[in-house]
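According to TrEMBL, the feature L-glutamate binding site maps to PRO128, THR130, ARG135, SER295, THR296, GLU344. Taken from TrEMBL, the feature domain 'Ionotropic glutamate receptor C-terminal' applies to 53-407. What TrEMBL lists as domain 'Ionotropic glutamate receptor L-glutamate and glycine-binding' is 63-119. Look at TrEMBL and you will find 1-24 tagged as signal peptide. What TrEMBL records for ILE274 is site 'Crucial to convey clamshell closure to channel opening'. Taken from TrEMBL, the feature site 'Interaction with the cone snail toxin Con-ikot-ikot' covers LYS301, LYS390.
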Amino acid sequence: MDKGLPFTLCVITTMLLLRESSQTGEKNDPKMLAASKAGFGADSRGTEKGLPTLTVTTILEDPYVMVRNAELEGYCIDLLKALAAMLHFSYRVKVVGDGQYGAVSSSGNWTGMIGEILRQEADIAVAPLTVTSAREEVVSFTTPFLQTGIGILLRKDTMAQEMSFFHFLAPFSKETWTGLLFAYVLTCFCLFLVARLSPCEWNEPKNEENHFTFLNSLWFGAGALALQGVTPRPKALSVRVVAAVWWLFTIALLAAYIANFTALLSSGSEQLPIQTFEDLVKQRKLEFGTLDGSSTFYFFKNSKNPIHQMIYEYMDKRRDHVLVKTYQEAVQRVMESNYAFIGESISQDLAAARHCNLIRAPEVIGARGYGIATTQASPWTKKLSIAVLKLRESGDLDYLRNKWWESSCLHRSRDRWSPLQPQALGGLFLTLAIGLALGVIAAVVELSNRSRHAAGHAKKSCCSVFTEEVCTRLRIKENTRQSQETSGRANA
């Protein structure tokens, strides 16, 4: 009994040590550590079977992938986490070595993330990687998780067009203003003609004066344009019909003018001189370029559109000067110099949201999508495509889009009230000043003609009669009284 007790204690001690060693080995298992780091160690089924580990290549671009607090985060990182949770895999993220998306180099090899997948340095690429035909020939893409296009990013002060002095004429085109002038003259002539022919407008043409002269007809039409009632007033039914139709025309015209003018003042895009790629080519103030080796560059290279060919030739001739290496460099250059960046519209929207002095031109061309790249014949391609579709159907992709594209700059720009600049109405003030000046000059001419006739009858100088007329009409009593006293003394 005494000999068996130590033996029993040794056996129990040995079993306890073996059990502890087994637990320690499980904790140090590489697959378990990988799953834990990927954030899926809580999945007991995956822990038992072991999760497959994928090497993911990506590129640093805000807001897709960013480094904060020594960790990667962003839209693509959240997307990768969601895909891994659905498909039960762990991953190891690495940033692309050459910092490029993927293009064919001069040696014929692929660079960037596409090259790393072809060299089997990575299993998949989760990044803002555009799906193109050239890339599709060497790798496989999943269903796009983001839709985008090619746009133009500019700085507001470099592209802000000086407001025309006659900006109030902008709501209508030149053809519209010409048609309006023709309609005005034609209507006034019809009023004059109908008033002359209608017996109800005047009874005795030989003895009675017709108030609808051509000048009065022009004045009547102008008053209707300003929604003001003016004389003469029509008596005949025919004249009233013409006047009523003209009133209806002017009401609709003024409503259209006010609506267009209001929209013109409240919207800034109509004031931008660069709204299309054709406008960008025609101007000489701004340089423009895109990312070196990007799909955008090759889009213009392969396009048959003459405007796109001109853009490509411009960028190709100045390759070392206008092409940029990174998206951050492009945004910084747009903010600091007279430079326009051609790139993905969805990224430009983010830049315009975060930098209030940037804006994207209205035109977007070359609709395209961002997809996840895998090796050809990879079993993960279809799985990832189905997972992306499920995330889109559940609204998770929209949630990520709103999460990473949200910016306070957008809200501030909406709530900001900007006063109307004087240049917008400068032409109106100038027109008013010219009209006032013409009215004063016409009055002076009329008074001069009257003074000339009065001076001939009274045998006085024209200047003295003109001065007396001005003093009388302006009721300058002191001057009149002095002139009367002077004339009285001379007569005495």
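Glycine is treated like the rest: Cβ placed from N, Cα and C.
Overlay of TrEMBL feature records on the structure.
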residue: PRO128; record: L-glutamate binding site; CB count, 10 Å: 22
residue: THR130; record: L-glutamate binding site; CB count, 10 Å: 24
residue: ARG135; record: L-glutamate binding site; CB count, 10 Å: 26
residue: ILE274; record: site 'Crucial to convey clamshell closure to channel opening'; CB count, 10 Å: 24
residue: SER295; record: L-glutamate binding site; CB count, 10 Å: 23
residue: THR296; record: L-glutamate binding site; CB count, 10 Å: 23
residue: LYS301; record: site 'Interaction with the cone snail toxin Con-ikot-ikot'; CB count, 10 Å: 14
residue: GLU344; record: L-glutamate binding site; CB count, 10 Å: 27
residue: LYS390; record: site 'Interaction with the cone snail toxin Con-ikot-ikot'; CB count, 10 Å: 14
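Taking only the Cα positions, the spacing between LYS301 (site 'Interaction with the cone snail toxin Con-ikot-ikot') and SER295 (L-glutamate binding site) is 10 angstrom. Across the residues annotated as binding L-glutamate (PRO128, THR130, ARG135, SER295, THR296, GLU344), the two Cα atoms farthest apart lie 17 Å from each other. The DSSP breakdown of the domain 'Ionotropic glutamate receptor L-glutamate and glycine-binding' (63-119) into helical (H, G, I), extended (E, B) and coil residues amounts to 20 helix, 15 strand, 22 coil. With respect to their backbone Cα atoms, LYS390 (site 'Interaction with the cone snail toxin Con-ikot-ikot') and PRO128 (L-glutamate binding site) stand 19 Å from each other. Cα of THR296 (L-glutamate binding site) to Cα of ILE274 (site 'Crucial to convey clamshell closure to channel opening'): a span of 19 Å.
Cα separation, ILE274 (site 'Crucial to convey clamshell closure to channel opening') to ARG135 (L-glutamate binding site), rounded: 32 Å.
The average pLDDT computed over the domain 'Ionotropic glutamate receptor C-terminal' (53-407) stands at 85.
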